[in-house]
Structure formats: C-alpha cells, structure tokens
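S.K.: One structure coming up, written as structure tokens, with questions to follow.
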Amino acid sequence: MLSEVLLVSAPGKVILHGEHAVVHGKVALAVAVNLRTFLRLQPHSNGKVCLDLPNIGIKRVWDVARLQLQDTSFLEQGDASAPTVELVEKLKEVAAFPKDCADPERAAVLAFLYLYLCICRKQRTLPSLDIRVWSELPTGAGLGSSAAYSVCVASALLTACEEIPNPLKDGEPASRWTVEDLELINKWAFQGERVIHGNPSGVDNAVSVWGGALRYQQGKISLLKSLGTIDIVDRTILYRAGAALCGMFPEIVAPVLASIDAISLECERMLGEMVAAPAPEHYLVLEELIDMNQHHLNALGVGHASLDQLCQVTMAHGLHSKLTGAGGGGCGITLLRPDLEQSVVEAVKQALSSCGFDCWETSIGAPGISVHSATSLDAPVRQALDGL
C-alpha cells in the first residue's frame, strides 16, 4: 500500500465539431481542455476514509471498520464490469445518505464508493485515506467534470493500492502512466461514469485519460495524432436541447448532417497538418469551419438567443465562436489566434462578462491524467488541495 501523498490531475473536454450530428452516426471531434480537476490522496492509519469535495460543498467520512463489515459480495465481479441498477441501490445503503442529500452529492459519493470498494477490496484490509478533489471545471456545463473526477479517483486508488506503479520519479515535476496502465485507469473511470450517468458514451473519460484529441463515431473511439495547444475562451451559456427536426424533415436535415460530418473531417485533417507546422492559414480555415458549423446548428434548431449574442460579441472583435456540446445549459468556444493581442482577449472577456457570461481563457490539446510533484502545482491549486 502506498504510504506517501499522491497528487493527480485530469482535464475536461470540449466538442469541437459534430455535436448533435453524432447521434445520427456522424463523426464528432472531442479535445482535452486545460481546465483540470486535481486530487490529493493522503494515506492514514486512523481507521477513516474521508472524501472532501469543496467545489460542491461535500465532505463525507466513513469508518473503515464499518465498511469492512458491510456485505459487499455484490461487488465480486473481479474486474471493471458494468455497475447494475441493483448494485447502485446497494451502494446507496452502504453510503447511508442523509434525507436532505442532493442528487449531485449522491452521484459523486456513489461513484467514489464504488471505485474505492471495488479497487481496494483486494487489500487485506480497506485502506484509511484522506481524499480531497478540487476542480477548475464548472459542473453541469458539458465540459466533462464528472469524467475528470472519475479519472482522478480511479488513477489515485489504483496507484495507492499498487495495482499500477507511481510513474513519478524523484525530481520530476509531472509524469504519466504507461499505455497499459492508462487503459486500466480508463476502464475503471468508465465504470465511475456509469454510476453517475447510467449509460455514458465513454468519450469524456477517454479524453480525460488520454488527453489531446479523439474522434467518436457510432460507438468507436480513436485517438488523433498528437495535438499542439490551441487557445480558446470557454463561457457558460444556455441553449435548447436539439429539436426533433430530423424526423419531421429528413430530406432537409440529412444534407445538413452530412455537411457537419464533412466539417468534422476537414477539421481533423487541418489539425493533423498543424501538428507539424501550424501556419496562419490553418487558423483561417478553423475559423471558417466554426462559423459554418454554428450556422448548421442553428438550422437544426439547437441555437438560442444567448448563443447569438455570444457570436455577435466575439465577431465584433474579429473572433469566431460556436456552441459546444448539447443540453439545456452548457458552453460555447471561441478560437484565439496565436497572433492575437492580449488586450483584444481582455476586451472580449470584459464584453462577455458585462453580458452575464462566465469566461475561462484556456487551451485545447491538454495532456491527460497526470501525477504531479507538490512543487509543480501552482500556489492556488496547492492551497485548494490543502484546504487553506
């Protein structure tokens, strides 16, 4: 059993192109966004396991001896197999939720308990641990916050229980696991996502584990070539869920979906070219693709006045935006060219803030799940993880 403090982080994700079309069998491109979730694991000998999630105001403590006495035979699958509805119901009994417990708290706690009991049950006794998770990602915005959480928890527990080795060497600021170990982390993180969401696609946890960019089509996930970082601005927005126009006007909608598919493929090709030598003309193409996709999404009925305002504000500063993801609330992305003056970026962020948008300046193509030395983390992150 690991004896030292373990620090890990995992990125969120955005959909560059293909949202809404992907449910009709078209290609979607997902990329890791460098807004990260951080986890600090401290082994103890106090007979307690503590889960602290300050972003959503959760702190739960369990007595390890009581957990050890629980009937957890329902977890005896032996590997990262799918959690059933019956299993989740039994986990709720183990969790012993108070009556006023909110749904987000239930989901986060159940995912943790599932991973803790499944991964650590091979130990002679369940370990005493203090786990604190803090995130730069907003929750419920379609940026993969729950997947980053599951990936962090899975990687930390697998490492703490020595199912996989700690890849960080003395003197290194950060490190990543081998491909084989990352595949194991991904399998367990996907089960955590299943506890939270029921039937997730697996895209969010895959992006968070591997980083960079991937393509998703009809259930198949494949990693793209190494992707350099591209700066973007995220912001929270509200927009309607996709309208059922495909069933009403199939002959009209089918060409729109085919065009979105072509946009995804062209973006994939362009990103591949940019790996070797990014040039200004590449960014011009990316901007055109963003504009075309946003118009298509409006044609599909998934736009909203807030999205229109977003695009108008950024276009007034010569920038290009589109929605990312789907649902009743989420985010839009704006591409920031490398030659853009920082004063322009600040002016855009100020203009958007004055319209009620929340902004995050970040980059895509971020590294996946990583383990860190304490000194490599920024002071605000260290303070958040230390509870200061």
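Numbers run from 1 along the shown chain.
Glycine too: its Cβ is placed from the backbone N, Cα and C atoms.
Keep in mind that TrEMBL annotations are predicted by a computer and have not been checked by a curator.
So TrEMBL says this about it:
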{"type": "DOMAIN", "residues": "121-212", "note": "domain 'GHMP kinase N-terminal'"}
{"type": "DOMAIN", "residues": "288-352", "note": "domain 'GHMP kinase C-terminal'"}
S.K.: Please spell out the DSSP helix, strand and coil residue counts for the domain 'GHMP kinase N-terminal' (121-212).
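M.R.: Final tally across the stretch: 43 helix, 11 strand, 38 coil.
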S.K.: Give the mean pLDDT for the domain 'GHMP kinase C-terminal' (288-352) on the 0 to 100 scale.
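M.R.: Within the domain 'GHMP kinase C-terminal' (288-352), the model's average pLDDT equals 88.
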S.K.: Using DSSP, what is the helix/strand/coil residue split across the domain 'GHMP kinase C-terminal' (288-352)?
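M.R.: Helix/strand/coil tally for the domain 'GHMP kinase C-terminal' (288-352): 34 helix, 11 strand, 20 coil.
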